[in-house]
Every structure is written in structure tokens, then in C-alpha cells.
Amino acid sequence: MGTKSHHLGLGFLLLLFIPAECLGAEGRLAHKLFRDLFANYTSALRPVADTDQTLNVTLEVTLSQIIDMDERNQVLTLYLWIRQEWTDAYLHWDPKAYGDLDAIRIPSSLVWRPDIVLYNKADTQPPASASTNVVVRHDGAVRWDAPAITRSSCRVDVSAFPFDAQRCGLTFGSWTHGGHQLDVRPRGSSASLADFVENVEWRVLGMPARRRVLTYGCCSEPYPDVTFTLLLRRRAAAYVCNLLLPCVFISLLAPLAFHLPADSGEKVSLGVTVLLALTVFQLILAESMPPAESVPLIGKYYMATMTMVTFSTALTILIMNLHYCGPSAHPVPAWARILLLQHLARGLCVRERGEPCGQSRPLESAPSLQPPAGLPAGPCHEPRCLCHQEALLHHVASIASTFRSHRAAQRCHEDWKRLARVMDRFFLGIFFCMALVMSLLVLVQAL
């Protein structure tokens, strides 16, 4: 861009050596005007008649496009049209003396330009000089329109991601001239958005302008600047579809591990699989977010969901231990039998096969052997009666005792399995309600 400005300057300097006869009437007047204006002009000094006079510069910014918002590095890249206007005390003429020529367009490198820069610039490259022309009017008013791609630092707050709003300021001011030499003011109360190209990720709410006068520690004189604050709100539809909804579905799937039969062998596997899936989403989110103390909203949701899945998996393991209590286990305590196997089971509609919902199974007493009705009591009068065989009676009593012990152990095992089913149904309702409430609290932010 500097080479192009140099060539344009040389082109206008060559006009001084072109014979006037080779130009038209308007060309001869412009040639004469250019020669008269720049005969003793220098672009190195501030163009004021009095050195104590303050030169006023009006700054206008038009936002054209948001190129990139790098949240991790906190850098905002914009494409702007910057217009600067000031009055040059040495560039004025009488239009009547030059055929009513009231304005000329010349390379910006030929005139004095204010050294207004972006204070919060985040680009390591030096600023390139714009090769656009300036418009000089007969009263000395100079207008310089130049496009610029700016990379500015912006403090990004992702605590509400992906439903966040950002405020990024662009501060423009003179680098060497104090407020007594150069005063910069904005044109209007905000930047222009008339030619803005809509961004797919960000919605622009406005870009108000504010003038400040600050005194820095290096210098005693004040330095005015103009800050344009870009107000942005993130379009969250893509993040809801790609990051939030999959997590919601997975979190609602996790409590269903309590509904799986214990004999299937997949209860713990489902919890571990859900936990791994949430970890993958958490890593994807961490790669795009800046390492800050404030955890994003979706990150908090992931952490809460992972904690819930971890506790549900741990409870599933404990409940499976209850389910697989063997015949040697102790009987279900009386309080658990009354509170869980009767009242809670009736409320959760946990029933045996063929048992109506809302009714608990009556507690059975241990079976006892009674002599069948109709048999005579006392000593048998038949000569070949089995009652006289003491060995056979001993074996029958042993079989009856074994049957009673087996029946009691089997009944104890069935009670523990029934208790495990009650606990599964209870925690299924609790964790499903927790997952649903957390998902609704996050999704309501998108409305």
C-alpha cells in the first residue's frame, strides 16, 4: 500500500511538468490549482495558522463486517470504514479563480494526516498506510475515507455461554498530539451500521460512541479519545443443537439404568457409557473456551450432569449388591420391610407377577408341618404301620427341616430382590426429575 501511494504521489508531481496545452480547460485549472496549493506546502507540520490553536478532527466509523471473534485469545477482528475530517489552514482557494472548482481529490500521502490509531490494537503487524485519496474542499475542509481491518483486544465473558452478550470497545486517539494540539470528537452518537453484513454467529445490538479525556502518567497534558463500544449477542441456535441438546438427551437417558433388569448385566455399562459421552462433550467445549475462572453455563450443566450420572452409577452398584444377596444373607430388617416393602412399594406400584398395583404382598410366615387331617392320633394298631419305623420318621423330619430352611432362605432372597426393585424405581423417579429440571433451567435461557 505504501508503494501504491508513492506512485500516486509521483503521478501528481508529474502533472507539474506536463505542458498546459496538452490538458483540457478543466484539467488546466486543476493543474494550476494543484501547483498553487502545494508550491510551499509541507505535510510534516500541523496545518494551523497559529501553533497554539487546537486542530479539531471529527471521527466517523462504519461497521462493515465482523470477521472473527476469537474467544480463547480474546481478539476481535472487524472490517471498518473510517472517515476523518479536519480543516487544513493552508489548503483553501477561491473557486471563482479556478472555474468554480470547489473540490479536488489527491493522494492522502501529499497532505498532513492526523496520527489517530487504535489504542487497544491486538495485531503484531505495523499499521499499513492507506492508499486512498482525500477530498479537499475550497474552504480547507479535508475528508479522508479509508477502509481498515482492525484486530482489537476484547475482554470476553463466557459465564453465560452460549447465551452470552459481549461488549467490545475500540478506542481511537492521537498517538503523539495532546488535547491542546489535536482534539478528536465522534460524528453522531454511534457508529453507522447501514452497510453491515450480518454475521452467522453474532447479532449486533448497537455501537455507541463516547468521548473521553484522560491524563496518562507519561504526560501532563490531557489526551482525548473516542471509544466505540460494539454490543454483541451470540446466536445460540447452533450451540443448542450441537452441544446442548445431545447432553440433554444423554442426561435423560442416564436414569433409565435404574429401569434395566439387574440380570441383564448392562446397568453399570450404561452409566459408564453416558459418563464417557459427557466427558467427550466437556473436552470439546473446553477447547473453544478461554481458560477463565468463570465457568460457562453449559459447562456448569455438564458438570452437574456428570455428577448426577456418577452418583446414579454408584447407587446402581449398591442396588445390584442388594439384588444378588445370596441365601446366606440376613433377613430384611423389620423397618425396611414395613417402610419399603409395604408402603413405598405400594406407592411406587412395585408388585409381583399377578399382584394388583397398589397392594403389597402379605407377609408370609414360615411353613410348618402338621399331620394331615383324618389320620388317627396315638399309636398305630396296624402291625405293619410305618409309624413303627423310627428311621423312616427321622428321615422325613430331616427332609421337612431342609425344606423349611430352603424355603426361608429363598424367601429372604426374594425379599432382597424386591427391595432392590423398590430402590431402583425410587431412584429412577428422583434422578429423572433432577435431569429434567436441570435441562429445563438451561433450555429456558434460550427463549
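Just so you know, glycine gets a Cβ as well, placed from its N, Cα and C.
Per TrEMBL, domain 'Neurotransmitter-gated ion-channel ligand-binding' is recorded for 31-235.
The domain 'Neurotransmitter-gated ion-channel transmembrane' annotation in TrEMBL covers 243-355.
Marked as signal peptide by TrEMBL: 1-24.
Per TrEMBL, transmembrane segment is recorded for 236-258 (among others).
Per TrEMBL, transmembrane segment is recorded for 270-289 (among others). Packing against the transmembrane segment (270-289) from elsewhere in the chain are residues 71-72, 158, 161, 243, 246-247, 250-251, 253-254, 256-257, 260, 296, 298-299, 302-303, 305-306, 309-310, 312-313, 316: each is 6 or more residues past its ends and has a CB under 8 Å from a CB in it.
The transmembrane segment feature in TrEMBL is assigned to 301-320 (among others). Non-local neighbours of the transmembrane segment (301-320) in the same chain are 244, 247, 250-251, 254-255, 257-258, 262, 267-268, 271-272, 274-275, 278-279, 281-282, 285, 295, 420, 423-424, 427, 431, 434-435, 438-439, 442; each lies 6+ residues outside the stretch with a CB under 8 Å from one of its CB atoms.
The transmembrane segment annotation in TrEMBL covers 426-446 (among others).
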Long-range neighbours of the transmembrane segment (236-258), counting only residues six or more past its ends (CB under 8 A): 161-163, 201, 267-268, 270-271, 274, 277-278, 281, 284-285, 298, 301-302, 305, 308-309, 312-313, 315-316, 319, 424-425, 427-428, 431-432, 435-436, 438-439, 442-443, 446
